[in-house]
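Undergrad: Could you have a look at this structure, given as structure tokens, before my questions?
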Amino acid sequence: MEKRILSVCLTACMLLTLMPSAFAADAEQPLPIAGMEQTEETSADARTEPGDEPQEPVPTEEGKGTQEEPFTTVAAYNEAVKGDALDGKDVYLTISRTEFKEEQFALTNVQTRPNPPRLHLTLTDCTFTGNTAGDKTNSSFMYLPNCQSLVIEDCTFDTGESSLKYGINWNLCGIQGSTVEIRGCTFTGSYEKNAIKLNQRNGEDDAAEDVKPSGDGEVKPATIASAVVADCTFSEGAKIQLGSQGKGENNAAAPSTGAFPVTISNVKAENGSEVAVELAYQAAKDADIPTITLASGDTFEKTEEGVLVAQVGETKYTSIDEALTAALSAEDHTLTLLQDETKDISIAAGSTLTIEGSGKTLYGTVNCSVASGDDANQTNTNLTLNNLTVDGDTNRDGTADKSILITSQNQSATVVSGLNLTMTNCTVQNSKAGVSGGQGLYLTNVKNLTIDDCTFTNCGGINYAIDLNLVAVQDAVISITNTRFEGNCGASGPIKVAERGTGDGTEADDITGARASVKSLTISGCTFNNSNPILGGDIVLGVTTKTGEKDGNDTGSFPVTIADNKTTKEDKQLKIKLAYTDDSARDITTDIGSAVVGDGTTDPAQGFTITATAGEGGAITPSGKVAVAKGGSQTFTVTADSGYSISDVTVDDSTAADVVQNDNGTYTVQNVTKDCTVHATFSKNSSSGGSFSSSTRYTVSVEDTDNGSVKVSPTRASRGTTVKPDEGYELDKLTVTGKDGDSIKLTDKGDGKYTFKMPASKVEVEAVFTAIETEPEQPESLPFTDVSSGEWYYDAVAYVYEKGLMDGTSAVTFDPGAVLTRAMTAQVLWNLAGSPAAPGGAGFTDVAADAWYAGAVNWAAAQGIVAGYDTGAFGPEDAVTREQLAAMLYRYAGTPEPTGDLDGFADKDAASGYAADALCWAVGEGLLTGKDGGRLDPAGTATRAEVAVILMRFAEKKL
């Protein structure tokens, strides 16, 4: 009997020895905590507290748990926190290059202790597979309720064959001022809730009982001082959750659970989709959770007060209203959107505002107020929208609820304030269709409208996507280029432009304001992908009368250029409706790429397109496609680069047009009867030791000889040609030999000049030049006391000063750190071009004829190197930005094909659309380099020292 009992005991011992470690001892056995409700926030299988007696941690070979000697295994940490000896103390656990599988990262749960140990956990280059936390109810890689600091770098997390409820489940309890950094990690597999959850508990609105400490201990609200998630990759559908849902009274939202600073940057999904960030702290139990999606490269930031939605200057705001107020009073009037925002924005008349959308969406409307009265024309509103989406689906449920997305209107005033609106790379979409309204843009007072590279989608209703029903405003300039109209963009048509007002011939009683006038309308490079308009055309000019007859209706009688547009419709044609002509509203149907033009005195009609191109060595302005009326003309300015001359200006089809050279050096293509191309060619100027000109051509040979002498046979010579030595040389011997070797008589004209009579045959001219011996020039020292020889820009400043490109700001100062202005930049480029004669004034309102920079600005404008603002001003004292400088140099160089790109710069998306090619070119040529942090800083200003360096590179490359 005793042997049998002994045998049973031995067997039991062997079985225990063979069992997995998770079942071998109290320290490794996960069991439910007595009296704790099991929820999705708590660990249902959390560890028991093995005993009530304090136990001192035993140092092991796996560390001591100190900052200097941290624990290096989970077992060592769990053993150390068995008792309460480490409660309220800092405990360090650091693990690297370790692989964890099921239940192998099951940390002892201490969240019910009144004053738990403060864990400092660092994981580097580790791999987690499956439910490594060992929690059967809330499966995860790790459950961290007591982490004082968490650093996870370059780790891989994989849910394995089955899904997990959570990935990293940080449900902070009783710890204050904690920090989180999760960087360079990969999360694969399927997650029921989220891959990362960051949650702080026991705040004032956190009424749940699931994390209250046992006994009579003090309840401490947990706080997170900072949290960072960066450079991580997630499986499709994996989310990041902030805070917890429905923990307040009556399961209301518990904002305190997410009231901590967070930065999430450069996260991406494996399949290229966006990564969702759930703001669970804003949602009641069972309610929909507000979600923000991040594309690769996006950054999400929030503070303790809320999500940072906008930035003005260096200040970021959690309130779009506060940001808007700050932007309107800021020096550059610029608001940058940091996150998608639901908001209707109103802008007072006379305000100036730029909204940099940064690819984000404004769910709502933009309304510009209109001032009226005698002083209204002095309070123009200036609005610029860049890289912004305006969406009328404010509930984000697929149903538009906003009728007009961008509006500015007053149809009953005699005098109104104008609107200068510029939109670049914007999307306007989803306006609510109805009996009236439904427009993307409805503007009655636009003074200057520039829309480029934009998209209008599903906006227009029964009206128009862009409805310009102008009243009272005078000399409006409208340009819509490279823009797409997609989906339902208006049953009446995507674009309508009309001059309205009292006496416009329509007998309308809903418009009582003064007559408007349009100075010019240009629509080019646009794509009309919308279905065929039912009521109007792709483009509608003017409006019809109530009587159905023209009767003096001239609402569409203004200069029009419509060219180089296209459509995806089956018939491949655009329909332009002249609504003001008569009751039938005559249509003009055009093929892709063709033109319709009108000068305002006659109705628009079919026109033609001139394509202007230039060869190497110069430029033609305007370049590209230019629309002209049938039989009309267009004048071009042709400019040769330094070292080149104009060779010829021709039209590819002599039956299409004539080319005439004007007295002022310009060229006019006239009597245009069909589409054609005008091309300018240039020849490179020759240079050698001597110069000749002749209609007879023969071989030139140049040989080096002793003492610097040369033998010269010019390519061209004519009777009476003078031979001149190169600079720095003097003539030693000159002979002219005919084809038979006979010497040809030379006549000495004095001052080293000789002539000979050119025979009717080939000749050879041999000139021997000897270098003039001179004392070597000593470089003059710079007169500027603020440019030291050791400075990085010294050589560049010396170069531009010696070449006459830049001067000092005084006799003894250069001001290298001063910001270069637009006027200074024009002057520098004018100097670089050799200070050519400037044409008449360019028409800028702020460039006085007697200003020191007037000649340079007028020349640069005539060459297409600089342009003014939409207001008609040039802004000579405005600081030139890096992208503006690149654009000016690029145009000066003749807009060559860019060889570089901006992919290597962290802020490449900050570059303006107009400057993209110029910046790529400048980077490719080595003119612009990055700044600290891998930034290009396109909107940053350029100092005089920086410009000196760029100019030296530019001039030496002879771009």
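Using the three backbone atoms N, Cα and C, a Cβ is placed for every residue, glycine included.
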Undergrad: Ranges 390-410, 684-704, 705-725: which does TrEMBL label region 'Disordered'?
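TA: Among 390-410, 684-704, 705-725, the range TrEMBL annotates as region 'Disordered' is 705-725.
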Undergrad: Tell me, what is the mean pLDDT of the domain 'SLH' (780-839)?
TA: 84
Undergrad: Go ahead and report the DSSP secondary structure tallies for the domain 'SLH' (780-839): helix first, then strand, then coil.
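TA: Reading the DSSP string over the domain 'SLH' (780-839) gives 20 helix, 2 strand, 38 coil.
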Undergrad: Let's see if you can do this one: DSSP helix, strand and coil counts over the domain 'SLH' (840-903), in that order.
TA: 20 helix, 2 strand, 42 coil
